[in-house]
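Reading through the structure tokens given below for one structure.
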Amino acid sequence: MKILITGRPGSGKSTMVGRLRDYLEGMGFSVGGIITPEVRVGGSRWGFEVVDIASGRRGLLASVETEGPRIGRYGVNVGVMDELAVPAIRRAMLEDDCIIIDEIGPMELKSREFRRTVDEVLSSDVLLIAAVHRKTLQSIKKREDIRVFVVDPEKRDRVYLRIIDLLGDYHGMR
């Protein structure tokens, strides 16, 4: 099963993914993959990191000072996706009960290797929980085993409970 969480910027996608990760880990499931938290400097968003959930390794994904392909005002470090994110996701495919990818969006998709790896995950039997940028969603939601949830601040808790129910019904869970 693939659970994709989408919504407007600031709607709570990453918070939802984090709550689901905590729930699964609390139930004894192993979780791997990546998160991409923002980096703030002086109260302003300066960039984004990529963090390997299993090892805690981190690297700079994008910043206002990074050279590389641009997404808005951020330069993207494609190398960190290839060297840190892709191995983290591939390892999670082999070793973990659930893969977390937060987020599948324009910055992350600048890496061809990351795109290939996401396609592999989508074609696998592994449970995936991912935050997905709205514009990216259209190209990947056509698969039968994909469940898409739209998060907004008003119905965030209701969506969380629906996903928990779905996970409880998922026959691949222990």
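Glycine residues also receive a Cβ, built from the backbone N, Cα and C atoms like all the rest.
As written in Swiss-Prot, here are the features:
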- 7-14, 98-105: ATP binding site (BINDING)
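Features per Swiss-Prot, on structure.
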{"residue": "GLY7", "record": "ATP binding site", "contacts (Cβ under 8 Å, 6+ apart)": "LYS13, ARG134, VAL150, VAL151, ASP152"}
{"residue": "PRO9", "record": "ATP binding site", "contacts (Cβ under 8 Å, 6+ apart)": "none"}
{"residue": "SER11", "record": "ATP binding site", "contacts (Cβ under 8 Å, 6+ apart)": "VAL151, ASP152, PRO153, ARG156"}
{"residue": "CYS98", "record": "ATP binding site", "contacts (Cβ under 8 Å, 6+ apart)": "ARG21, LEU24, PHE29, SER30, VAL31, GLY32, GLY33, ALA92, VAL126, LEU127, LEU128, ILE129"}
{"residue": "ILE100", "record": "ATP binding site", "contacts (Cβ under 8 Å, 6+ apart)": "VAL17, ARG21, VAL31, GLY32, GLY33, ILE34, ILE35, ILE53, ALA92, ILE129, ALA130"}
{"residue": "ASP102", "record": "ATP binding site", "contacts (Cβ under 8 Å, 6+ apart)": "LYS13, SER14, VAL17, GLY18, GLY33, ILE34, ILE35, THR36, ALA130, ALA131"}
{"residue": "ILE104", "record": "ATP binding site", "contacts (Cβ under 8 Å, 6+ apart)": "VAL118, ALA130, ALA131, VAL132, HIS133, THR136, ILE140"}
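A coil conformation is recorded for GLY7 (ATP binding site) in the three-state DSSP classification, outside any helix or strand.
Take the CB of LYS13 (ATP binding site) and look out to 10 A: across all protein chains shown you find 26 other CB atoms.
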